[in-house]
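According to TrEMBL:
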BINDING   Leu9, Asp84, Ser112, Ile113, Leu163  S-adenosyl-L-methionine binding site
COMPBIAS  209-220  compositional bias 'Low complexity'
DOMAIN    1-166  domain 'Tetrapyrrole methylase'
REGION    204-246  region 'Disordered'
Amino acid sequence: MLYVIGLGLSDEKDITVKGLEAIKGCSRIYLEYYTSVLTVSTERLEAFYGKPIIPAYRETVELEADEILRDADKEDVAFLVAGDPLSATTHTDLLLRAAALKIPTQVIHNTSILTALGSTGLQLYSFGQTLSLPFYTETWTPGSWYDRLEENLRVGMHTLVLLDIKVREQSEENMARGRLIYEPPRFMSPYTAFQQMLLTEAQRHPPVAAASTSSSASASAPPPAPAADDDDDEPTPDAGPSLLPPASTLAISLSRMGTPTQRLISGTLEELSQLPEEEFGGPLHSVVIVGSRLHPLELEFAGQFAIGGEQGGWWKVGQEVYKVEREGH
């Protein structure tokens with residue numbers, strides 16, 4: 001049997017009873033190391049499970065899946081994933097490979113950012129497509145995430161934005177030279193995410209002063225078609241109105257969800273982008289962009305985390321732009 005087991009969001013004790021029982025009966029245990037991480041070391045997991053753990057990096061899962069599945073038709077093998085194994089990042093390919101080899105499988109679910117998201121007070125039913133925001137480079141600023149965000153905003157839906165992590169990544173030089181030297185792990189912070197969002201917003205909707213230099217013909221042209229869903233697409237100017245004006249768009253940063261140091265901060269996109277990076281603390285992080293279908297209870301609950309308290313932009317924009325009426329105010 002191949003067990004694909006979710007570990008939850010925090011530490012070794014987040015595993016379910018069913019998951020722990022399965023692990024204790026397995027002859028080999030792999031821990032997936034490239035889509036997410038827990039807040040504790042592998043050694044603590046091994047001590048809690050009473051079993052040695054084999055690291056499974058991206059190349060292990062994608063190129064050496066046969067080794068993971070070896071003898072799984074005769075003995076039990078576990079494949080562990082932080083969060084839930086089939087939510088934010090799927091491992092369906094491994095399950096399909098097992099099925100092709102007639103290996104029985106069982107998925108044991110756990111909590112993930114997609115459920116811990118409820119801590120914001122926003123209704124899960126009101127979320128649209130979940131997005132991933134990659135690290136920008138000097139030569140690569142992909143904009144396909146922005147197109148998906150606009151699709152959500154057009155129908156008033158909230159958007160969960162998952163922030164990039166880089167674990168066991170090679171530099172371009174080391175990759176080109178075939179050197180197996182890996183960069184230190186990097187985890188995108190909300191600070192970086194908000195700066196990148198503002199950069200793409202400015203590229204898609206240049207400031208009025210800059211836009212006024214363009215010809216009247218280009219100003220009257222119809223909006224361009226949405227970019228293809230390709231992470232290599234560079235942002236291009238959009239003639240339509242902005243759906244992400246920083247001063248009047250509400251957002252929430254989510255840090256270390258499901259852990260004892262969990263922290264949420266709500267405010268306008270502009271306010272959040274002006275916070276220092278250390279304000280958000282250590283990883284892991286996500287961001288929510290709030291859609292126009294904001295309910296009064298959502299406004300009140302997430303307002304507990306507002307920058308500036310009652311005087312912050314969260315309340316002003318929530319009432320004046322999102323048109324949410326507060327009871328008793």
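Yeah, the Cβs are placed from backbone N, Cα and C, and that goes for glycine too.
Neighbour count (other Cβ atoms within 10 Å of the Cβ, all protein chains): 24 for Asp84 (S-adenosyl-L-methionine binding site). All protein chains shown were included, and the count of other CB atoms within 10 Å of the CB of Leu9 (S-adenosyl-L-methionine binding site) stands at 24. Just so you know, the Cβ of Ser112 (S-adenosyl-L-methionine binding site) picks up 23 other Cβ atoms within 10 Å once every protein chain is counted.
The S-adenosyl-L-methionine-binding residues named in the record, Leu9, Asp84, Ser112, Ile113, Leu163, extend over a maximum Cα to Cα distance of 17 Å.
Per-residue confidence over the domain 'Tetrapyrrole methylase' (1-166) averages 93 (mean pLDDT, predicted model).
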